Amino acid sequence: MIRLFTFGIITMLVLVIARLAIQRAYKYITLNTNINTTESKTRLSIRLVSIIPYYLPLFEGLQNFGQYVLPDYPVGAIPLYKKILLPMLIFYMNHAILGLVTFFALYYVLVRNKSPITVHQLVRFNSMQSILLFLVGSLFGAIFRAFPIEFRISFIGLTVCNMMFWFILSTITYSIVKAIQGKYSNIPVISEAVRIQISGYNT
């Protein structure tokens, strides 16, 4: 219970902390819309802030797909899932409003062109991309749950579930690695949609 409570507090405050951190860092960071030299000039603090929003599609993917297939994985992966991911996933599932609040907070505070604060392009890009991955996971999760239970627990259904989980997990991992490197990920369709939304993007 203490772990769940701690995670809940951290999750609810993470956007507030990120916003304050960005505001303070803005005084010392020169925002450069030409991102050709992003890898060398983007500070570590900016890179770390840009990966925080990916918790949203991660837990959505775990809720819709991961919880059904992870318990059947090799023994070595089960303790990691049960001790670290499962308690946080239970908290996320029991507080559905959390995902919705995070969704709108990310969009209105970090993504919008008329955002109340000035945000680095790398943070805006990854925030928008995490929102799209969240929507993709939610959509496919709703479609999967619409099928009869007989299909969902069948071999084919679990195979589809497994494929969707690894698709979401791999895209999130790829995006986080790129963000830590100070680079922009290039996920087909999704990243292109982000480029359309985020003005001033430059590879």
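Just so you know, glycine gets a Cβ as well, placed from its N, Cα and C.
Per Swiss-Prot, transmembrane segment is recorded for 2-22 (among others), and the stated evidence type is sequence analysis.
Under the heading transmembrane segment, Swiss-Prot lists 51-71 (among others). Beyond its flanks by at least six residues, the transmembrane segment (51-71) meets 11, 14, 18, 77-78, 81, 85-86, 88-89, 92-93, 99, 102-103, 106, 110, 126-127, 130-131, 133-134, 136-138, 140-141, 144-145, 152, 158, 161-162, 164-165, 168-169, 172, 175-176, 179-180 of its own chain at Cβ-Cβ distances under 8 Å.
The transmembrane segment feature in Swiss-Prot is assigned to 84-104 (among others); the stated evidence is sequence analysis.
Summarising the annotation, Swiss-Prot assigns transmembrane segment to 131-151 (among others) and lists sequence analysis as the type of evidence.
Within the chain, the transmembrane segment (153-173) has long-range Cβ neighbours (under 8 A, six or more residues past its boundaries) at 54, 57-58, 60-62, 64-66, 68-70, 133, 136-137, 140, 144, 147, 187, 190. For 153-173 (among others), the entry in Swiss-Prot reads transmembrane segment, with the evidence type sequence analysis.
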